[in-house]
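These notes concern the structure reproduced below.
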Amino acid sequence: MVFDSLKAAEEHYKMYARRYGFGIRYDYKRKYEVDGEISRVFIVCHRAGNPEPVVKMRSRNITERTGCKAKMMIKRRPDGWLVTEFTDEHNHPLIKKWLLTSFLRSHRDIPEEDKQFIRILHSVNIETSKQMQMMARLYGYLDNLGYTVKDVANYHASIRMEHKYTDMEDTMDYFRKLQQQDKDFYYKYKLDEEFQVQNIFWVDGAARRAYKHYNDCVSFDTTYMTNIYKMSFAPFIGINNHGQSIQFGCGFLRNELTEMPAYFMQSFYTFLQSTARSEGFNAVLKKYVNPQNSISDFVEQYAALQEKIMRAVSKQEADTAITTTTTWSWHPIEVHMSKVYTRNIYNRFQEEMQQVMSYNCSQLNSNSFMLVCITRFVPDHGNRSYRVTADVGEAKYSCKCCKFERDGMLCCHILKVMLQMNVLEMPDAYILNRWTWDAKEALIDEAAQGGAGRTEMPEESRRKMKFALISAQYRNLFKVPCLTDDGQRIAAKQAREMKKELADLEKGSENKSSKNGNSIS
């Protein structure tokens, strides 16, 4: 029997081996001394060879070698690869179930097109089990996959190893690339006495522009994670005018630093405690970055998270600019704030307006009021009573709950007093500019984005997606025919016809391209 290539001979023997219930492996490959090309190969049963000594400390399962003599020897000739020796005698039981043979090492393989797709899934930090679910959906069933979860995990490890010796060099190259795309991108690193990176920080243009407006509350937490180099990850988190967590930059620190949970300017501490806000951001971060990946992979995944955040910011801006909100009441204060605040902040203010109805207000003296809860529970306030100090003439108010000092928004208690005292306009001192629509210039550099408009999927990505889908369809189609000789003949015939039609199609495309080129010239 003669094969066109060594790969064709191997695939033929591999299919034969799976049908009859055994695995194969290369015993040796010999090369020509002149050109170094492979001249002869010896493929044997997976149980060939002498039994290996059992290592007692080894806990995993092993495949026992029994000295099986089943083999196929092929030799290279000018007209192809010739089978010069074939033995089909086994000294061990063969696997009878087709499904079980798929777990033999020689019959487990991740096709190249699957690797490309898995690499994409790995780059967006989708866990291995989820990747297997997605591939099983493409293939129809999990049993149709020609590889296991362990095989995919091993492939992930090989991807991470790609940056093992060039990680920082790759990271610096990526940073320089970002600087070309974003003129405001900045990074800095520090080396120790052994010329190893001790600290590294980076920040993009959008984060720097946001910091100009929202630097009154910054969370800095080094307790979230460490990377493969035992460097602590240190994100800088702020809050924008929509009440969203945004990134001000981040870094990796080799040496342990004193934890600094938050930085306050005049006690401003909006809506959520810094620890809880950091924990919420870290939960999102876990979906995008993997601490076991290289730094270069980490910063690319971090950039993807920044894109998600800026997309969410754009969505909030659109809600404020395009849609119209519904006021809970027609009171002038609420109507005014619905036009001034961003949509998300106004929704929070509206909740305070609604909670006004949960209190009775009694005036103690000219500038003092007592708010008594008349419901079982008020969100964020419980059923406590609160004392409010109000100077209506001077437009000065304060409440024991300190909501304005903490969140930059008046509480329902002060609003209750204002309504009772017939105040119809919100004093300017209590409208923080950071919560308004006009508080922020564009955070996204549209010039760097290449202009407005929807961008088509890159052709290379589209090709990979189509290739994965078509490959899965044909694997499912040919699964049953490959189990019988008649089925193999039918599948081979159809494959030859399809190959001919595709060759004609490709030839036609080349001729068309050639004619177009001549006409242009």
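Glycine residues also receive a Cβ, built from the backbone N, Cα and C atoms like all the rest.
Values in this document were obtained by computation on a predicted structure and should not be read as measured data.
As given in TrEMBL:
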type: DOMAIN; residues: 386-422; note: domain 'SWIM-type'
type: COMPBIAS; residues: 501-513; note: compositional bias 'Basic and acidic residues'
type: REGION; residues: 501-521; note: region 'Disordered'
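Residues 267-271, 331, 333, 345, 348-349, 352-356, 358-359, 361, 363-364, 367-371, 378, 380, 429-430, 432, 434-435 of the same chain lie 6+ residues outside the domain 'SWIM-type' (386-422) yet bring a C-beta within less than 8 angstroms of a C-beta in it.
Counted with DSSP, the domain 'SWIM-type' (386-422) comes out as 14 helix, 10 strand, 13 coil. In this model, the domain 'SWIM-type' (386-422) carries an average pLDDT of 94.
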